[in-house]
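This report concerns only the one structure given below.
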């Protein structure tokens, strides 16, 4: 049946029995396809019926449907004519794992950073009103943690004050509300329905009513208090108190019930909340059995078991996690903060070992950073573990709440540099540029597992300002020993005997292995290369100037944007020191990159060791070294 769905219009004639059959087929399709490619399986299994209902009730793309945390759009893609492309999911030139405007007119925004959909919806509804397009609804689907982000509530505050037709679908899969709201409300609702509770309540009612004169009055008073407490904790009041109409809660796996609720909401003609309760991982045993994450995001798996088809080697994240636990075991002042991602950032084990020292603040990076500042003011040393790309959201807090106060907060930036298959929104290629302008911050980029452990320890010993460590996604690789330590920097290679000191190659973090491969190629051409790892890449160490004066050319190699990165900082530092050596930056161009593997992107950007060696050889030749173009090609090909 799925093969017959070319667009939302094909859903309109289906019966309820056919819709149930289609939902089952979609789930089987999801498991089969995502098992092969990897991707966000659990969230999409949970929104099958909801997405079917959305496309039956609303006229996409005339009525924009905006998915917050865009990883829950796989079913939306299937229903808008892209099911045949799922073999290429998250692969170069294939289907994006997030909404993509270039793929379909049904994808309005390329959303992947959480809590933004309501603001998009607010703006779109205003634009439609100003353009006289009053017959267009805007639908925003939030949930999967997005409502823990403050931006959602800022948008709700504005939407509620309007009369524009914005339909907000809250996908409540158990991860949408903060525990003090959703957890207590759900607990009371379950408790009230338990037979044992009802029996106790019945006996208590009889006892109280039996008291002479005041019994009946006391009973009604106690019943009113109980009802008031329950109502005050109800999710509905979160929204109705803002002036929003509310429909629900609705069983999100009953397509007909969801459809009825959405049609009712569409008829209001103003802002309305539709509260839909779903189960992440619905219909797939291994996902439902994964209590921690419901298989939120997976690598390629065996669909029969849910187990990974390839065992990963030791990873950067695991290395960090183990080291942090080791340091925290020796120091009670070390605490950790995560923005709703304890598993992906390696903090789950930390929380199990030190449950009172891990703080999951939800998708609230701004709050995470200023809360860390408060912890530091109180004598703690907080470690904020966060994806590099999400650090952008907390820039003002890092600058004004942490750095201005010279507070010892350590930021650990996972997924730095090119991450690949998650696409342009997840590459961590701006952190060095952003952090480089913050006064007093120190930034380390470990090249291997040993250096990660060492530099984390060094960061935790800093007590007069913020620090940051950055490392990429994936396996950590072999350790790279240093030949010597010089002025706090590691020298990894020196010119071979008989060669001049032609090039000083400064390697940033995990690109040290590439730098050594480049140096080997250049040595084979008679170009002498010194390779150093500064360890702490920002601010620029004074010792770099001392090394630079002994070379003809300084080249920086980094997986950050070349604008404002380490290369820019090194060039500026050498100019300030009036060191006249030539400088060149090798890094990422200032643009957004489509999804592909890390290796494919580096090859496309000419950031392989062969490409970099060819560029450096050309620069050396331009400075007067006797290397011909023919020799360059002969040795590099």
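Even glycines carry a Cβ here, placed using N, Cα and C.
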Candidate from 365, 454, 455, 458 that Swiss-Prot assigns to the same thiamine diphosphate site as 71, 112, 113, 114, 145, 146, 173, 284: 365
Under 8 Å by Cβ from residue 365 (thiamine diphosphate binding site), counting only residues of that chain that are 6 or more apart: 339, 386, 390, 391, 393, 394, 397
Neighbouring C-beta atoms (10 Å sphere around the C-beta of residue 173 (thiamine diphosphate binding site)): 23
Cα-Cα distance, maximum over 71, 112, 113, 114, 145, 146, 173, 284, 365, record's thiamine diphosphate binders, Å: 32
Same chain, 6+ residues apart, C-beta under 8 Å of the C-beta of residue 113 (thiamine diphosphate binding site), given in sequence order: 389, 390, 393, 425
Count of other CB atoms lying within 10 Å of the CB belonging to residue 71 (thiamine diphosphate binding site): 23
Residue 145 (thiamine diphosphate binding site): tally of other CB atoms within 10 A of its CB: 23
